[in-house]
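Following: one structure in structure tokens, then a few remarks.
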Amino acid sequence: MRESRKLVLVIVAIALLLDNMLLTTVVPIIPEFLYDIQHPDAPLSMALEDITTPVPPTAPYCPCLNVTSVPLENVTHMNITAQKEARHQELIHETVAVGVMFASKAIVQLIANPFVGPLTHKIGYSVPMFTGFILMFLSTIIFAFGRSYSVLFIARALQGIGSSCSSVSGMGMLAERYPDDKERGNAMGIALGGLALGVLIGPPFGGLMYEFVGKTAPFLMLSALALGDGLLQLMILQPGVVRQETDPPSLKALITDPYILVAAGAITFANVGIAMLEPSLPIWMADTMEARRWQQGVAFLPASICYLIGTNLFGPLGHKMGRWLAACSGLIIIGLCLILIPMARKLEHLIIPNAGLGFAIGMVDSSMMPELGFLVDIRHAAVYGSVYAIGDTAFCLGYAVGPAFSGTLVNSIGFEWMLVIIAILNFAYAPVLLLLRSPPAMNEKQSLIISEKSSVRYVSYQNEDEE
């Protein structure tokens, strides 16, 4: 049992890794790829100087011709400025199209979650988990060969359904295999570390492969990795229908539980900032710093590395210091970092705010995910599909709202104000987490029933009650 638990953790972590790698590999590829499809004559990577008026053939040297060279340079300069302005406008408009496409995955995932959660109660976690792998594989292949906005849009949406299957059943499976609250926190920290690693490797992997090999290569490599995970699942999980013994809590009961909503809300607010940055930061950097392709990809590196550190640190640490406190501090740090980002004038300036942002999101995610399992244990019944459907929905809500509105907000109030507003929302939500300091169990009888009915024993609770 202990060995199989570890393997299940590995499978879940790899599934989250691949899913998020696909999620972020497209970040540096798609905006430019779409721009190049629309402007085959003047792709984004061509230096602007190459596009401007063709250089007149060098005539044999003649002093009388030298007079004309000055105005010609001026003309070229005016041309470049005009073209830069035109490109700036197009890039801003494209932010909207790219944002909508990035958001489509999260929106589809939002719609799928309420179905996948209750489905895991009926048939167990392994079949939806395997379905997630199949959909992910298909999506990767379509990304590899898709050549138009609509085809890539379908691939992105298909990935949303796959994600929903693998995240909800993956987290549910972990909560079920790790009944002890502390161990569960550690396991989920590691699984979220897989997610973080995917987000981390995605953009630089995508950017470098696209620049030096081409668009198809990164996706084919991902599909090969996905196949490996599928084989692991077949061997270890042996997907099959498993019925749940306990009566699952209804989705409605969970959605109306204020404590579950507070925990889920923290996840949404923590992630909405970085989700808004994903489509807008690369374009803002191209605009204000004239950043190259690889620089736009690398900008997110500090965030991802620190998210990886944050999730692995606060899986165990959140349990010690109180998960509400970890999440509360996380939201405040997120707000501060979002305000610092637009002050950057060079790539180096982005390192500290992005690192802080990633670390703090890691704090919130790795403390609120196990908290959701804990809340279901003490307030409902130890069946986890639906509560992780809610947790994953909270996550996606951030990633759906973020990119969908970022383009519009950048157009209307500008990049700086958009981030300031999100920061204020984070500051405002932080004190709400005080509610999670000591959430009440539904009733004493239920704590006793839970301990008899399932393998989950919350001995400490009964002892406290009896004393």
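Note: Cβ is positioned from N, Cα and C throughout, glycine not excepted.
Annotated features in TrEMBL:
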type	residues	note
DOMAIN	8-441	domain 'Major facilitator superfamily (MFS) profile'
TRANSMEM	7-30	transmembrane segment
TRANSMEM	123-145	transmembrane segment
TRANSMEM	151-175	transmembrane segment
TRANSMEM	187-205	transmembrane segment
TRANSMEM	217-237	transmembrane segment
TRANSMEM	258-277	transmembrane segment
TRANSMEM	297-317	transmembrane segment
TRANSMEM	324-344	transmembrane segment
TRANSMEM	381-405	transmembrane segment
TRANSMEM	417-436	transmembrane segment
Region pair the transmembrane segment (417-436) / the transmembrane segment (187-205), three or more CB pairs under 8 Å
no
Of the listed stretches 123-145, 324-344, 381-405, the one with the highest count of C-beta pairs below 8 angstroms to the transmembrane segment (151-175) is 123-145
With the cut-off at Cβ under 8 Å and a gap of six or more residues from its ends, the chain residues touching the transmembrane segment (187-205) are 9, 12-25, 27-28, 170-171, 174-175, 177-178, 218, 294, 297-298, 300-301, 304-305, 307-308, 311-316, 362, 365-366, 369-370, 373
The predicted model's mean pLDDT over the domain 'Major facilitator superfamily (MFS) profile' (8-441) is 85
Counting Cβ pairs closer than 8 Å to the transmembrane segment (7-30), the top stretch among 123-145, 217-237, 297-317, 324-344, 381-405 is 217-237
Among 123-145, 297-317, 324-344, 381-405, the most Cβ pairs under 8 Å with the transmembrane segment (258-277) come from 381-405
For the transmembrane segment (123-145), the distant same-chain contacts (Cβ-Cβ under 8 Å, at least six residues beyond its ends) come to 11, 15, 18-19, 22, 26, 116, 151-152, 154-156, 158-159, 161-170, 172-173, 176, 215-216, 219-220, 222-223, 226-227, 229-230, 233-234, 237-244, 385
